[in-house]
């Protein structure tokens with residue numbers, strides 16, 4: 001029940017802010033369910049993709065999703081996320097956690113500075129090449145450490161996609177879904193003899209926990225998207241950003257202590 005309850009909170013964050021799900025889901029799986037880092041990261045990608053999909057429906061009903069721009073950014077990120085997932089699946093858990101804590105800290109600071117992002121305006125033509133480049137870089141990071149990168153996607157969609165901030169937040173959900181699915185495939189699949197594809201036997205998925213988390217996060221994301229236009233997301237982003245930074249510091253030093261003792 002703890003996983004289900006906390007997953008609702010994770011979904012609320014995704015629905016309200018359009019990002020932040022994987023930053024919370026991976027630590028939940030590691031510290032509450034004692035999953036190995038690789039399994040936790042891969043599992044969180046499915047949960048975040050599902051929660052984002054439910055939130056996307058609500059934002060889509062409001063007409064804020066710019067599908068063409070989202071697919072350009074998302075497809076480039078999806079391909080590189082798959083490659084990143086292939087790399088991440090073979091990295092030691094300690095390395096993944098160190099990298100994840102750093103991405104958490106960067107995300108936390110991005111959330112705190114979200115007020116600056118909200119002041120960005122559109123009004124220029126989309127820069128397709130830059131969108132593809134940014135999508136590729138963010139997708140690769142997503143693949144390795146499992147962070148959906150929503151807070152990196154929103155400013156890029158505004159600056160290089162020419163989107164208004166509300167459209168960028170909604171469209172980022174589409175991008176996150178595509179990147180998470182690409183990264184999950186990278187973790188879950190392996191290539192044998194260069195051509196035969198099979199499931200990665202190194203990762204033992206607990207689908208009961210994954211389904212419970214998807215259920216909770218999906219419910220939370222729908223609720224969050226209903227209130228997204230009524231809640232001042234800037235203040236919520238700042239508070240949540242400091243929480244994420246605190247979690248990043250904890251994970252970094254807890255992992256460092258474990259590496260030293262071993």
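Even glycines carry a Cβ here, placed using N, Cα and C.
Please treat TrEMBL annotations as automatic predictions, because they have not gone through curation.
Because the structure is a prediction, the values reported are computed rather than measured.
These come from TrEMBL:
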TRANSMEM  37-57  transmembrane segment
TRANSMEM  69-89  transmembrane segment
TRANSMEM  95-112  transmembrane segment
TRANSMEM  132-162  transmembrane segment
TRANSMEM  168-189  transmembrane segment
TRANSMEM  209-227  transmembrane segment
TRANSMEM  239-260  transmembrane segment
Answer with yes or no whether the transmembrane segment (239-260) touches the transmembrane segment (69-89) by the criterion of at least three Cβ pairs under 8 A, sequence separation 6 or more.
no
Taking the transmembrane segment (239-260) as reference, which of 37-57, 95-112, 132-162, 209-227 has the most Cβ pairs under 8 angstroms?
95-112
Relative to the transmembrane segment (37-57), the stretch among 95-112, 168-189, 209-227 with the most Cβ pairs under 8 Å is 168-189
